[in-house]
Each structure stands twice: as structure tokens, then as C-alpha cells.
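Asks: This is the structure I have questions about; it appears just below.
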Amino acid sequence: MENLGNLRKDRLWLFGLLLLLISFSTFIIGMGASSLNDTSFAWFLVHYAFVVLYFVILLASGRLRKGNDGLHPLFILLLLFLISAYALNRSVQVFEDSVNWFTALLLLCCTNYLMFALFKEMPSWLRYLLCFVLGVSFIAFLYLAFYLLLLYGISAVGFILLGIPLHSFVPLLFCIYSVVLARKTREIANGYFMTCCWGAGVTLSAVIAYVVVWNVQVNKMNKVYKNTPPQNAYPAWVSTAAAMSPGLISERILKSGIVYDVPSLNDNWFWNVPTPRNFNEKQKHDPLVMIASLFGPAISARDDERIKILEVLFDARFKTERRLWRDYNLETAAVNTAVEIWPKLHLSYTQLEMTIADTRKPSPFIAAPREAVFSFRLPEGGVVTSLSLWINGREEQALLSTKARADSAYKTIVGVERRDPSVVHWQEGDRVTVRVFPVEAGSTRRFKLGVSAPLAAQNDKLTYKPLSFEGPSATGASENLSVMFIDDPVNCHAIGVHKLTQQRYQRQGSYNTTWQLGFDKPIAYHDAFTFNGKQYRLFDSKVERAPMNCKEVYLDLNSEWTRSEWNKVNDLLKQKQVFVVNEKAAPVMVTSENKDDLFNRLHGRRFSLFPFYVIPDVTAALVISKSGKIAPLLNDLHNTSFIDKLEASWQPGHKTRLFNLSSTLNPYLTSLKQCGFFNYESGNLSLLQELITSNRFAIAANNNQDVTLESAKLTITSEDSLPGAIGPSAPDHLMRLYAYNHIMQQGGPALISGNSFSDTLLAEADQAYVVSPVSSLIVLETQADYDRFDIKASKNSLQNAALKSNGAVPEPHEWALMIMIAVTLLFAKFKYRLACK
């Protein structure tokens, strides 16, 4: 091996290092450029030219002959070849993009090969470190060599194609010369060679450990899945999801074959060309997943069932949204947020103007436009009340239609005709999806979304938090934020925004959702909004309790419970019959003998779906629950016996009682709560004891004219308005919030079963112009498009919501402007009269 002085004189090695630096820099640049334009093969040719150039130079110089100290220049050649191989993979894809940890490992290995040129100049501890990494490198390239094994025959036959197929032999060459390099370290000291072996051994041990853990988790998952009989109330995938352990390996098991490449034993043994699957996450190549899948058992759950489990356990619903076109290369470029807040009415209206950019450069080779899909999370009780899209530089307002008709129009125009639409659909779980098409390469699109929502109330405080969304990355997005209070807030505490006046706040900079506003909760004003013969008013809701004859108590046991809570609740209920529900959705009585065994068995469930239909007499029962944030939605359970039984047990006049030991409700219980399926209270053990002792529990309003917004602690009433009644006017958001929550309340059976909603509820959504389970907002390009799909403008409705809706108070500068206009008109009028005289 050369010493440092000789290395500095080795012009071939230095020239190779320069080529390597240029090639790597070009690879990084090409990574972005080829993703924006279809130029990946041209970039590959640049890298391949570096390989050919350096190979010819080494060959001509004789450095590759034995005894000419050519090992280190040879490794530079192999590294150039490796970069060229990965550049070629962008055009002729053999495997998907590597996961981050494997990319980092390859970079470490490649750097390690270069460092060996300075081996003699290094301290002893660093030499041992390099040798250890050399052993790791051998295993990494041995994996890649096996991965490409079946390509060797094709590559040998295709050698005549300018040598391009020889790229498949690069990992094998690294393995061979890694052994050569390791043997050379033994010439200096035998301990170095042993350290190389230790590096390889530790790496193999880590891989084996991963495979063992993988097998244990897959076997556990398969056991639960296979042991769930077809007649079980819970679908097999639900039981499997509830029993799964959290963690990265669990996620990779579920995503194997969907996001992560796995071996195709039927086709190509280890190597398999990637194929697209119905999950909107870029497919990845993870060697550990590949090896574990090869040596592990097959997963019993089907792909569609595993996707459902991912949606529930890993919040992956946005990734499974239907897409008619790809959304790659899209970014959220700018977000303009305007907020109006009515402190005395506990209401807010948020208007987001979003700009989407396609970062690809315009090119004749790019034909496919992109479809932008967003998922917005709404506050509890909030509703989308406006949508608009800029078409040919002009803002076009949306029309309200049935969800089915709007979806049909959007799919036809986007999937077949490729013209301008945008649509917003309601989704279960306080979520909406917005779709915009098309976004062309190098262009931007704008849309505007409006949300009416109550303010969250807690401990005599009202809080406003910004809307969050999933969609095209907003990492580099700018934001202009403006907040206007319609009346003065009391003791307003602002986080992340700047105060301009008592009623105005603003922020400019990078987009983020960490800011918030909090202020004292005033008594709700009873100002009314009147429309079409109806009057809507707001009141502070108060908990009304009625006597309960509680004989049976059902404990909804899952991993959120602590043993202490379990014991205390059972001690509190000694005079009652106490039940839990087992894995088969059957009630089991809790006794002093089986109490600990039941807790140990059922506490491991990640979530629970309480089967309310097992309660024989809801008037004499109480359900005590404690839930986290994960659980299936009602929509996930449609067409199952569980949902059929749940719908059959619906008794609007005799509601179940549910007490929640936490402030969080899982999505399943949240949906049932929105439907008014049960009477609800939440609190700590002290409140529970008080309710049990007093035999009283909260009841909902018995009439169909009131809706209660639980998170805001508000009740909105609807009544016939008096002819000619004049009084203070509330904003139209009051009626919109009432309509949406009334639809949810009255449409409970349809929401549970997935059946159609009544025409009466559709008419209510149309009049209030709200997005709901039965209605959507859609923007089409021309009037002819609306006519073709029979989408008509409502004649007697609120239309799209807007900033400064009815009841908004003008700003001081607006008052000044109006006064100036009035004075000018009066002056002109008197001047005219004087001239006439």
C-alpha cells in the first residue's frame, strides 16, 4: 500500500478522485433534474462516459496489471461504475429507491473504500474501524449481488450493447475486491483481517435478529387472523389490527409488497421488477424487508385488508385516497389565510387560498398533467362552506350538488376529458378532501376553501387553532395570515402571531400551523340569523341530568386503561353487575376470580370497538370507556355483521349512556356521538363516582330542533321566525353550523349503515350550502358541463360563504371611507341645488 507521499504523486488516483467527485455531483444534480424532466437516460450516459474514460486510462497505463499497485484506482473505477449503475436504474428500473438507512450505509461503505488508500497513515484505532466497516460493506454488496443474480445471464448475453448490461456485475466485483482488500490488511497485522470478519459477522447477526423478530410478529398476526371465524362479529382484519404491536417492523410488515419490494417466488426468485400498487407512497427497496420476507412466512391478510390496518394504526388514510392522476412533483407554494372570529358567538370562519405548483420544467416530452389532492382536518362540528377555483385567471365559485353526482362529474372530466374541475367531499372523521385538476408542468393553480367552525371551549377559555392538511408538501410554502376579531376579545393570548390592533393580528413568513389564539369565554350572545322563515340562535349549553336506573355496567377495556383505573372502577361498581366484551364481541361478567385474568387478556388490545347491540336493556345500562386516537371508522366496517347488528340496535328514543374516562374519543365512538347514538359524559373517576352515587346521567335534548356542539359547549336552536322581526343579526355561519350538525344528528342510521340519506336532509344541506355526507361542492369549467351533469345553482340558499358575512362589523378605516363617501355625496347634492338657484 502506498504511503501518503506516494499517493500525492499518484496522478491516476488523483485524477480518478476528481472524476468521482464530478460524477457524484452530477448524480445529485441529475437526481432533481431527471425527476422534473424525462432526461434520466441522458444523465446516465454522462456517468457511463466517466467510467469508460477512466477504464481506458487505467488500461492504457497498465495499472490494472498484477503488481502495479492498481487496487485503489480500481476501487475508484468501481465507485464510478456504481454511480453509473444507480443512474441507469432511473431509466431501466430494476429496484425502487433505497430506504434512507441503506443509502447512508452505501455512502459510508464507498467512503470507506477511498479511505483505505491512506490506511498506513492512520492511527491504529481508525484502521480497525475501517476494517470493521469493510466487513459490513462486504455483506451489503453480497446482498446486492444476490439480488441481481438472475440478471447475470441476460447481462452476459447483452454485453455487445456497449457494455451497459455489465452494470449488473458491479456488486459482485465489489464483493471480490473487498476480499482482496481484506487479505491485504492481513499482511500488515492479522488483527485487521479478523476485524473485517467481525464486521461481517455482526452485520449477519443483526440481519438474522431482524428476520427472527419479523417472523415472530408475522406468526402472531397470522394466528389472530386465522383464528377469527367467518361468523365473528369483528372482521378478521379488525381483530388483527387490535392485536398488533406498535413499531417500525409492524409497519413494514403491513407495507411489504405494497410499498416495500418483496421477493416474487413465482417469477424471479429473489429479484423482482417493481410493479405499482394502490397506495400513494413511493415504493421503496429495503434489504431487511426483502430478506425477512424471503425467509419468513407469508402474510395471511389480503393487501386490501392490510391497507385498512395501515389506515387505522398508522393514520394512512390520505395515502389510500383514490387518485386519477399522479401527484408527483407537486408542491404547495403559498397559503393565504384569512380568519374572522366572533368571540361573543363563539364562532370562526377560515378562508384558505392555496397555490399549487408543478416543479417540473415545461417540455415537449411531458404530456401527463398532475392531480392535486388535499385532506383537511376540521375542528369538531366544523363544516366546509365555500370553494372556488381560478380558471383562465378568473375565480369561479363552486355549486352545491349531491356527493354522487359531483363525484361522477369529476371522474368523467378528469379521467376522460382532462379539463378543469375541483371538488370537495366530506369524509368521516372530521375530514374533507379537495381535488384540483389539472396542474401542468411549470405552472401553478389556485383554489380557495372556506370553513365555518365553532371555537373550542375549555376552562372558561375559547381557543382558535389553524386548520391542518395533508397534500403536496408545504415545506417551502410562504404564508400571509390575517385574523380579524369582529368584537374585542378579552385577555387575548397570541402564540406565533403579531398584534396590530385590539381586533387585528397577522403573520407573514413560512407556512406553519403552530400558532393559536386564546381568550376569555364570554356568555354567548343570543343574536339571531334569519333565513327563509327560520331563525337560528346560539346558547351556552348546560349539562342536564336525569335519573338513571343503572343495573349493568359494561367496561370498554383496551390498552388505554391502567391497572389502577381498572381496579378502582371495579371497586366502585361492587353493587352492580359488571361486564367486559371479549375478542368475539361477547359480554363476559367480571368477578373477583376472573378480574385479573380478563385485564391481562384484553388490556393488550390497541383499540376496542364496543358492540352496543349486546346490551339487552339500554335504559338500565352504562358503558364506561377510555379510548385513544386510533380505531376503525364506521365506513371501514360497512357490509359486516357488526354494522348490521349495530344499526338494528338503534333506538333514538332510548339511548345508551357512555362515560369516557379521557378527553379523547376514538374515531368509531366520535362518529356514533355525532349521530346522537348515545348520551355522553366525560371526566375523571371522581365525576364517575358522583354519577354512580347519585344515579343521574346527562341526557340530550328530546326535540329535533336543537343541536349541541360538544367541544364548544354550545347549543344552536331553530324556530319559526316572526313576520317582520328585526333585531341584531348573527352571521350566516350560525345557520350553516346548525344545518351540518343537524344532518349528522338526523342521518345517524344512514351514516352507520352506508345507506342513502333522506331527501329532506339533502334539501337542508342545499339551503345552507354545506359539504356533508350527502352534498359536495364542485367547480366545473363551463356552464355546459354543469348542464350535462344536471348540476344547477340553488335558487333559495345561502350560496358560498365569504369573509365579512352578514352581521360583520366594518373596520374603523371602512367606517371612515363610508363617511367620506356620504360627505362627498351630500356636498355634491347641495352644490347642485345652489347652482340651480
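Using N, Cα and C of the backbone, Cβ positions are placed for all residues, glycine too.
On a predicted model such as this, the values are computed, not experimentally measured, just so you know.
Annotations per TrEMBL:
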{"type": "DOMAIN", "residues": "318-453", "note": "domain 'VIT'"}
{"type": "TRANSMEM", "residues": "12-34", "note": "transmembrane segment"}
{"type": "TRANSMEM", "residues": "40-59", "note": "transmembrane segment"}
{"type": "TRANSMEM", "residues": "71-89", "note": "transmembrane segment"}
{"type": "TRANSMEM", "residues": "101-119", "note": "transmembrane segment"}
{"type": "TRANSMEM", "residues": "126-150", "note": "transmembrane segment"}
{"type": "TRANSMEM", "residues": "156-180", "note": "transmembrane segment"}
{"type": "TRANSMEM", "residues": "192-214", "note": "transmembrane segment"}
Asks: Would you list the DSSP helix, strand and coil counts for the residues of the domain 'VIT' (318-453)?
Replies: 21 helix, 75 strand, 40 coil
Asks: Using a Cβ cut-off under 8 Å, which residues of the same chain at least 6 positions beyond either end of the transmembrane segment (40-59) come close to it?
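Replies: 12, 15-16, 19, 22-23, 26-27, 30, 33-34, 70, 73-74, 76-77, 80-81, 83-84, 87-88, 90-91, 163-164.
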Asks: Which of 71-89, 126-150, 192-214 shares the most C-beta pairs under 8 angstroms with the transmembrane segment (12-34)?
Replies: 71-89
Asks: Same-chain Cβ contacts of the transmembrane segment (71-89) under 8 Å, 6 or more residues past its ends?
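Replies: Cβ under 8 Å, 6 or more out: 2, 10, 12-13, 16-17, 19-20, 23-24, 27, 30, 40, 43-44, 46-48, 50-51, 54-55, 58, 63-64, 95, 106, 110, 113-114, 116-117, 164, 167-168, 170, 173-174, 177, 180-181, 184.
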